[in-house]
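Asker: So Swiss-Prot says this about it:
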DISULFID  CYS50-CYS78  disulfide bond
DISULFID  CYS81-CYS154  disulfide bond
DISULFID  CYS86-CYS93  disulfide bond
DOMAIN    47-159  domain 'Expansin-like EG45'
DOMAIN    169-248  domain 'Expansin-like CBD'
SIGNAL    1-24  signal peptide
Amino acid sequence: MASRSSALLLLFSAFCFLARRAAADYGSWQSAHATFYGGGDASGTMGGACGYGNLYSTGYGTNTAALSTVLFNDGAACGSCYELRCDNDGQWCLPGSVTVTATNLCPPNYALPNDDGGWCNPPRPHFDMAEPAFLQIGVYRAGIVPVSYRRVPCVKKGGIRFTINGHSYFNLVLVTNVAGPGDVQSVSIKGSSTGWQPMSRNWGQNWQSNSYLDGQSLSFQVAVSDGRTVTSNNVVPAGWQFGQTFEGGQF
């Protein structure tokens, strides 16, 4: 009986720990505003400050947003997911919510007041959404609407993707399709002839290593903001070429 009680207590403690962790990672609703850009097909949202390039081919689609400076956090927020709902405006709001991925920066415009055109100026939290995403919660003619937002887990198909660009002694790895928190905080790389080496964030979710790794199979460790790490061992074969994409593990 004592053993069973101890097991139940341990299970309950683990559940409470996970609940606290989830609450810390994905907080309560907060207030912001949202606008839209990129056109009806979202073609104007391609590229962006996170480095994801063609958002169709990298799997992000049209449910994306550019974040204001305070949310973007120098690129550390790239890949994070947010649930947004239009906030209590019967004329301009639509019911329901939409989940978007952070793929770009909405730059500040200090020539305009924060509440009249300088929507993305610090310290305002603001989402400049891809037009198709905005139209799921707001009316086109509104232009800008008040929203409530919260961080939510990212849901992805398949594993984390590593696209190797650059050249010898300058390996630039784009990390995409990250589930869970989505926002990569650190990356390490290991060649078949080297130990683990930390990479530095070059820009967005492009991570840089200056080691010579040509001809080696490659492994990656990816850490996200909730403290978890995924290791993808030998995910890149020795015969890799620059420009190729490889799929590893997932959160």
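Just so it is clear, glycine is given a Cβ too, placed from its N, Cα and C backbone atoms.
Can you walk me through where each of these features ends up in the structure?
Answerer: Same-chain residues at least 6 positions away in sequence with a Cβ under 8 Å from that of CYS78 (disulfide bond) are, in sequence order, ALA49, CYS50, GLY51, TYR52, PHE72, ALA102, THR103, ASP183, VAL184, GLY204, GLN205. Under the DSSP three-state reduction, CYS78 (disulfide bond) is assigned to coil, being neither helix nor strand.
The Cβ of CYS93 (disulfide bond) lies under 8 Å from the Cβ of CYS86, ASP87, ILE137, GLY138, VAL139, VAL145, each of these being in the same chain and 6 or more residues away along the sequence. Annotation note: CYS93 (disulfide bond) sits in a strand segment as assigned by DSSP.
The residues of the domain 'Expansin-like EG45' (47-159), classed with DSSP into helix (H, G, I), strand (E, B) and coil, number 14 helix, 34 strand, 65 coil.
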Asker: Need one number: mean pLDDT over the domain 'Expansin-like EG45' (47-159).
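Answerer: Result for the domain 'Expansin-like EG45' (47-159): average pLDDT 97.
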